[in-house]
Amino acid sequence: MKIYLVGGAVRDRLLQRPAGDHDWVVVGATPAQMEAQGYTAVGRDFPVFLHPKTGEEYALARTERKSGRGYRGFVVDADPGVTLEEDLQRRDFTINAIACDEETGTLVDPYGGVRDIEQRVLRHVGPAFVEDPLRVLRAARFMARFAPLGFTVAEETMALMREIAASGELDALVPERVWQELRKALVSERPSAFLRTLHDAHALGPILPELEALYGVPQRAEFHPEVDTGIHQEMVSDMAAKLAPGDDLVGFAALTHDLGKGLTPPEEWPRHIMHEQRGIKPLKALCARLKIPAEHQQLAEAVCREHLNVHRIDELRDATVLELLGRCDALRRPERVARIALCCEADKRGRLGFEDADYPQGETLKRLHQAALSVQARDLDTTHLKGPAIGEALAKARVKAIAAAR
């Protein structure tokens with residue numbers, strides 16, 4: 001029996017980045033031998049065990065053979081005779097196919113992963129790459145993480161990703177897994193690389209058609225020097241990641257705020273009148289298909305519907321501001337307002353030449369929200385009021401508070 005550290009922990013060590021979970025591969029062992037040493041079996045589809053003290057995952061070396069459609073259509077062989085090199089060969093990218101003997105510090109790198117780390121290239125391990133459609137999503141997600149380090153996708157790997165997209169295999173991806181990869185990309189340093197990689201691989205359309213529909217749609221150059229709505233979408237996603245690092249609620253709402261522009265009739269280009277209302281339908285469709293959590297959908301709908309109103313909040317009547325807050329459920333969910341402000345700021349700054357622009361509207365929104373929130377029904381004299389009259393009096397008092405906070 002021989003144990004090696006594999007995968008992301010080895011890769012991140014070589015990149016001099018903090019490592020996440022430690023994954024281990026065990027060569028030359030059987031499940032019975034693992035359990036005899038105190039390991040607990042947890043793998044459903046292949047033999048994975050938890051270490052009795054650390055709780056880290058130890059998987060028996062295995063090979064995988066394609067047996068059906070999708071990323072679950074594989075036959076697994078975890079015979080004790082499977083070698084380390086055979087186990088590494090089934091992995092997706094060379095940078096993830098490096099093992100380390102922790103006793104000696106020796107690296108086992110049969111597929112050139114160290115070279116590709118040095119050259120900042122994301123490259124597939126072998127021709128079996130095309131057997132798993134999930135790898136297209138993983139490539140895009142890794143690019144969202146590693147593009148800031150200078151990584152690019154190898155041309156031959158991109159060609160295989162396009163082959164997968166053309167095969168129809170992407171249709172076999174389950175919604176939960178698509179959302180899982182998208183969510184990870186949104187909290188990466190450069191979500192735009194996720195979008196751009198899928199777009200270049202012709203995979204964004206099959207997976208996220210609402211987002212693909214924005215590429216090639218022009219906007220008015222005086223407001224959007226980047227012109228292409230798809231590029232604006234990328235810039236807004238990166239700005240959201242910068243303004244709210246690690247917040248996938250902000251990331252998702254910022255990503256989907258302009259979906260309505262993909263539905264603008266071409267004869268109306270480059271104007272997109274009513275795109276904020278038009279965007280709700282494709283947003284709902286995307287959320288239903290990927291089973292997006294309700295909290296994410298509610299914030300995204302609020303940002304999609306109201307971002308133009310927030311941009312011009314100084315022009316809105318005080319009563320209109322209160323109505324805006326009500327539509328966002330901001331008086332019942334006050335934590336939502338700061339995120340809406342961040343999404344709108346990402347929209348305003350996610351434009352060519354506007355990356356460092358101020359966005360005072362965000363502070364105005366938060367200030368007026370606090371003013372409205374400071375007035376509660378218990379603060380009013382409602383002795384002679386009943387039913388709807390109490391609500392009307394509360395609304396009037398809140399409008400007055402908003403006016404005073406201007």
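Positions of Cβ are set from backbone N, Cα and C atoms, glycine also.
Sequence-distant neighbours of R91 (ATP binding site): residues of the same chain at least 6 apart with a C-beta under 8 Å from its C-beta are G7, A97, V125. Swiss-Prot lists G8, R11, R91, R138, R141 with the feature ATP binding site.
The annotation CTP binding site is assigned in Swiss-Prot to G8, R11, R91, R138, R141.
Secondary structure from DSSP puts D21 (Mg(2+) binding site) in coil. The Cβ of D21 (Mg(2+) binding site) lies under 8 Å from the Cβ of G8, A9, E56, E57, each on the same chain and at least six residues away in sequence. Look at Swiss-Prot and you will find D21, D23 tagged as Mg(2+) binding site, backed by sequence analysis.
The domain 'HD' annotation in Swiss-Prot covers 229-331.
Taking every pair among G8, R11, R91, R138, R141, the residues recorded as binding ATP, the greatest CA to CA distance is 16 Å. Look at the domain 'HD' (229-331): DSSP puts its residues at 77 helix, 0 strand, 26 coil.
Summary of the CTP site environment: with the site residues G8, R11, R91, R138, R141 set aside, the chain residues having Cβ atoms within 8 Å of the Cβ mean position are G7, D92, F93, I95, N96, F142. Put simply, R141 (ATP binding site) is 19 Å from D23 (Mg(2+) binding site) when counted between their Cα atoms.
In sequence order, D92, F93, E181 are the residues of the chain that are 6 or more apart from R138 (ATP binding site) and have a CB within less than 8 Å of its CB.
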